Amino acid sequence: MRKMELHWKILIGMVLGLVFGFVMTYPDWGREFVSDWIKPWGTIFVKLLKLIAIPLILASLIKGISDLKDISKFKRIGLRTIGIYVFTTVVAITIGLLLVNVLQPGNGISEDTVAKLSETYASDSGVTSKLDEALKQKESGPLQFLEDMVPDNAVKAMSENALMLQVIFFTIFMGISMLLIGEERARPLKQLFDALNEVVLKMVDLIMLTAPYAVFALLANVVASSGDSDLLVALLKYAGVVVLGLFLMIVFYAILVSTYTQKNPFWFLKEISPAQLLAFSTSSSAATLPVTMERVEEHIGVDKEVSSFVLPVGATINMDGTSLYQGVAAVFAMQVLWPEGLVFSNQIIIVLTALLASIGSAAVPGAGMVMLVIVLESIGFPPNLYPIALALIFAVDRPLDMCRTIVNVTGDATVSMVVAKSVGKLGEPHPKEWDDHLEEVISK
Ligand code: ASP
């Protein structure tokens, strides 16, 4: 019998999780049951993925760079990656702004709804903690991001997933130095990292065996812990605009893939779909990164020299879905709360700050909402309305976060294909299974 493909298994897990979570909102004990007995399985899965992120970046980036043979190629890959990331992000924000201005989701929101939403959420700890975080980020100077990228302690950098850019910096530095000491001398170290890389990719395969069950737990928990659904209905038009924009981004990626790399876009979307489904279930492109890397390298055929750099960098700085959402959310907040701010110059400012904000957003759930405050601040949005603006979009933030994370991950995968094609590093897929070498370690 043909084995069922992974994305179908994950999809079935997701649907069952949604249904189960929904059913559990009925009995009095349901929500607590999900939180005590179901949620931990999802959390363990996300932890396992995060656990291997740093070793994977380290091993694969060192392997990627030390395979290069020619350092100037790395410069080419680097510059192209950053250039294309900026391009796709600007496209995303522009699509978001066009849609929100044409469809005007803010117009249907009554004062009553605003009052109800701000009553429910303005002093909610979710909103206030996001505001606090945003204020902290705001205090930093313009070159802070460069300063933050350089670690003063390699081990400390590797001890925290949020410091991914520091790990990338250290690894590139080390990889280039390995090239400079010559192949012969670097060989033992290279072999070590090559083996580590294979081991970590095998760990991804093993973790993915549990993905269909884990997404069940993750989604059951999202549904069972969600709040009042009446208010969701009021925000349906706004959410619809964001989702439509995100969908158009996926279409844009498909066009990019088919025109530039000449690959079938449906094949691309099918091969990357397990990563997309995990992005949706975890709302975190950082947690999804190991799976994105595995899919792009083994199932799409992007060479490690490209993917090992483009994908980890993309997970931290390229967030097309997040920037599109920021454009829509900022204008939506203006339409409802501050219509006098709706001038063309503010929309241009939104393009620039949403671009920077998406670079600065962490690849974790809800990060986009924190950076939204920075976007609002740049256009002179009245600070006393910040909590109300956040309250306005808070109710639908989680589902939208899940959707925009799909776009964040798909964008990274697309750019890795485009960059790979441009430097002649887009080859044939070579998928590996978790049990490829099983017979070697099991006695008959
Ligand atoms: N959750 C998103 C990510 O990890 C970031 C965000 O938009 O909040 O990619």
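Along the chain as shown, residues are numbered 1 onward.
The backbone N, Cα and C atoms fix where each Cβ goes, glycine too.
Here TrEMBL flags 41-62 (among others) as transmembrane segment. Listed by sequence, the residues of this chain that lie at least six past the ends of the transmembrane segment (41-62) yet keep a Cβ under 8 A from its Cβ atoms are 158, 161, 164, 167-168, 171-172, 174-175, 178, 189-190, 193-194, 196-197, 200-201, 203-204, 207, 210-211, 213-215, 217-218, 221, 278, 281-282, 284, 286-291, 293, 304, 307-309, 312.
For the transmembrane segment (82-103), the residues of the chain that approach it from at least six positions outside its boundaries are 237, 241-242, 244-245, 248-249, 252, 313-314, 317-321, 323-328, 331-332, 335, 347, 350-351, 354-355, 358, 407, 411, 414-415, 418-419, judged by C-beta separation under 8 angstroms. Residues or ranges marked as transmembrane segment in TrEMBL: 82-103 (among others).
The annotation transmembrane segment is assigned in TrEMBL to 163-182 (among others). Sequence-distant contacts of the transmembrane segment (163-182) (same chain, six or more residues past either end, CB-CB distance under 8 Å): 53-54, 57-58, 61-62, 64-66, 68-69, 71, 74, 148-151, 154, 156-157, 189-190, 286, 309, 312-313, 315-317, 363.
TrEMBL lists 203-223 (among others) with the feature transmembrane segment.
Residues or ranges marked as transmembrane segment by TrEMBL: 235-256 (among others).
Look at TrEMBL and you will find 342-364 (among others) tagged as transmembrane segment. Long-range contacts of the transmembrane segment (342-364) within the same chain, counting only residues at least 6 positions beyond its ends with a Cβ under 8 Å from a Cβ of the stretch, are 86, 89-90, 93-94, 97, 101, 137, 145, 162, 164, 283-287, 289, 315-320, 322-323, 326-327, 330-331, 334-335, 370-372, 374-375, 378-380, 408.
Taken from TrEMBL, the feature transmembrane segment applies to 370-396 (among others).
Below 8 angstroms of C-beta separation, residues 6, 9-10, 12-14, 16-18, 20-22, 24-25, 34-35, 38-42, 44-46, 48-49, 52, 56, 274, 277-278, 281-282, 290-291, 293-294, 398, 402, 432-434 of the same chain, each at least six residues beyond the ends of the transmembrane segment (203-223), sit close to that stretch.
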